[in-house]
Amino acid sequence: SSHYTYYKQIVPSKTEHHHKGSNNLMEFWKLFVVALMPIVKVLLITVVGILLALDRFHILTQETSRKNLNTIVFFVFSPALVCGSLAETITSKSLLTLWFMPLNVLLTFIIGVVLGLLLVKVIRVPRHLHGLVLGCCAAGNLGNLPLIIVPAVCKQKGNPFGDADICHKNALGYASLSMAIGSIYIWTIVYNIVRVYSGNISNEVKVDDSIITPNSTLETDQENISKDRAHTNHVKQLEIECTISNERVKVPKNEKIMKHLKVIVEKINLKALFAPATIGAIVGLIIGLVPIFRKLLIVNNAPLAVIQDSIVMVGDAGIPAMTLLVGANLIKSLKGLGKQFPIIVGIIVVRFIALPGIGIGVVKGAIHFGLIHPDPLYQFLLLLQFALPPAVSMSTITQLFGVSEGECSVIMLATYSCAAFSLTLWSTFFMWLVL
């Protein structure tokens, strides 16, 4: 009998296997429901945004009304949300543990660009859409969606990440840092990718020439002659400069470095790089990291806590406003889905199948080598960064250059419609993976 009991302990019966299987299924289903609820909330608010953009309601129908709301979100709500969240959650200790996040986000961009280049070659994307496709493959929505989804998961009943309040506070901090890092990479990497492929510089030259010269056939002929002469003179001048430069023996290294830095600074849009959300992130980090500011604004019974509370209150309006705008902007792109079908399918495969699969390998590898601290919520966010739809900023960037605006709207509509399904599944799987 003792041998039988020992065997029973070592070798589980079929009924025990069945119970374990059903328990795992129940746990997976609970995680699925927890992951589904935030996505449903996003969809419901997006539908409200779509309704407000209909002619019948006449609230967000006009371009000016959407632009005004977008301006408020861009300059007021987003910086306040990021600043308030980072100031409360980020300390010198926590920042040391979160060092892997900037690298993780950078990897999402690099892998996205590589996959985008493969997509461009495989389906032979037209030249004028190269920048848009690469940008959509590289830049995920690292701001709005993590800020909505991750804290909302914490607020769900039976959330797997522990105490709801602590989880929500940490989630806001992680998501805010993700938003700040994402905005920096978008305005340095993606902005310049779209700029290179847009041919914006040549367009600007054409516009300048048309402004300078009057519209008459005689003058245009004279202009062509003068252009040819100028071109030949320019070539001669270049040849002279080349011969002179060949005669020079030594060029100071400092001058070379300064020249290169000047070119880089001119090419990078610093105004866009230091967007209000980025400035808000910097201010939030300073408040969180500098002990004097933290004592004045953050800690219990802080003398200037009312300022921090006001910032948080303003920031709380950011998430619903952003989501309403996504819905209002998507209504414009209901037409023309069929024309861009191969590109849309390609971007969906890259962003919702290839990137998350690679992301699991990256994050699991980092955990294996001890590069990431063992916080399931933090690991969940790192994985989620690989599974997000394209950044909403892509529509802003295409508008800045006046290139592929219609195609961008169509891609946004298709990818965000698929994201409702894919994000729920990936979120469920990621939660199961980290717990």
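Don't overthink the numbers, they just go from 1 along the chain as shown.
Keep in mind that glycine also has a Cβ here, set from the backbone N, Cα and C atoms.
Counting residues 6+ beyond its ends, the transmembrane segment (31-57) has Cβ neighbours under 8 Å at 66, 145, 148-149, 152-153, 156, 158-160, 320, 323-332, 416, 419-420, 423-424, 427-428, 431-432 in the same chain. Here TrEMBL flags 31-57 (among others) as transmembrane segment.
The transmembrane segment annotation in TrEMBL covers 69-87 (among others). Sequence-distant contacts of the transmembrane segment (69-87), counting only residues of its own chain at least 6 positions beyond either end whose CB sits under 8 Å from a CB of the stretch, comprise 60, 143, 147, 172-173, 175-177, 179-180, 275-277, 279-281, 283-285, 287-288, 294, 297-298, 308, 311-312, 314-319, 321-322, 324-325, 328.
Positions annotated as transmembrane segment by TrEMBL: 99-120 (among others).
What TrEMBL lists as transmembrane segment is 132-153 (among others). Within the same chain, residues 34-35, 37-39, 41-42, 78, 81, 105, 108-110, 112-113, 115-117, 119-120, 125, 159, 161, 168, 171-172, 174-176, 178-179, 181-183, 185-186, 189-190, 193-194, 197, 277, 318-319, 322-323, 326, 343, 346-347, 350-351, 355, 377, 380-381, 384-394, 397-398, 403-404, 407-408, 411, 415, 419, 423, 427, 431 sit at least 6 positions outside the transmembrane segment (132-153) and bring their C-beta atoms closer than 8 Å to a C-beta of that stretch.
Within the chain carrying the transmembrane segment (173-194), a Cβ under 8 angstroms from the stretch's Cβ atoms is held by residues 78, 81-82, 85-86, 88-90, 94, 98, 101-102, 105-106, 109, 113, 131-132, 134-135, 138-140, 142-144, 146-147, 150-151, 267-269, 272-273, 275, 277-278, 280-281, 284, 377-378, 381, 385, 391, 393-394, 397-398, 401, 403, all 6 or more beyond its ends. The transmembrane segment annotation in TrEMBL covers 173-194 (among others).
What TrEMBL records for 268-290 (among others) is transmembrane segment.
Counting same-chain residues at least six beyond the ends of the transmembrane segment (310-331), those with a Cβ under 8 angstroms from any Cβ of the stretch are 42, 45-54, 60, 66, 69-70, 72-73, 76-78, 80-85, 87-88, 144, 147-148, 392, 395, 409, 412-413, 416. Look at TrEMBL and you will find 310-331 (among others) tagged as transmembrane segment.
Here TrEMBL flags 343-371 (among others) as transmembrane segment.
Residues annotated as transmembrane segment in TrEMBL: 377-401 (among others). Among residues of the same chain six or more beyond the transmembrane segment (377-401), those with a C-beta under 8 A of the stretch's C-beta atoms are 97-98, 100-101, 104-105, 108, 132, 135-137, 139-146, 149-150, 154, 161, 167, 170-171, 174-175, 178, 182-183, 186-187, 190-191, 194-195, 198, 200, 322, 325-326, 329, 347, 351-352, 355-356, 358-360, 362-363, 366-367, 408-409, 411-412, 415-416, 418-419, 422-423, 426-427, 430-431, 433-434.
Marked as transmembrane segment by TrEMBL: 413-434 (among others).
Residues 130, 133-140, 142, 174, 177-178, 181-182, 185, 189-190, 193, 346-347, 350-351, 354-355, 358-359, 362-363, 366, 371-372, 381-382, 385-386 of the same chain, all 6+ positions outside the transmembrane segment (99-120), place their C-beta atoms under 8 angstroms from a C-beta of that stretch.
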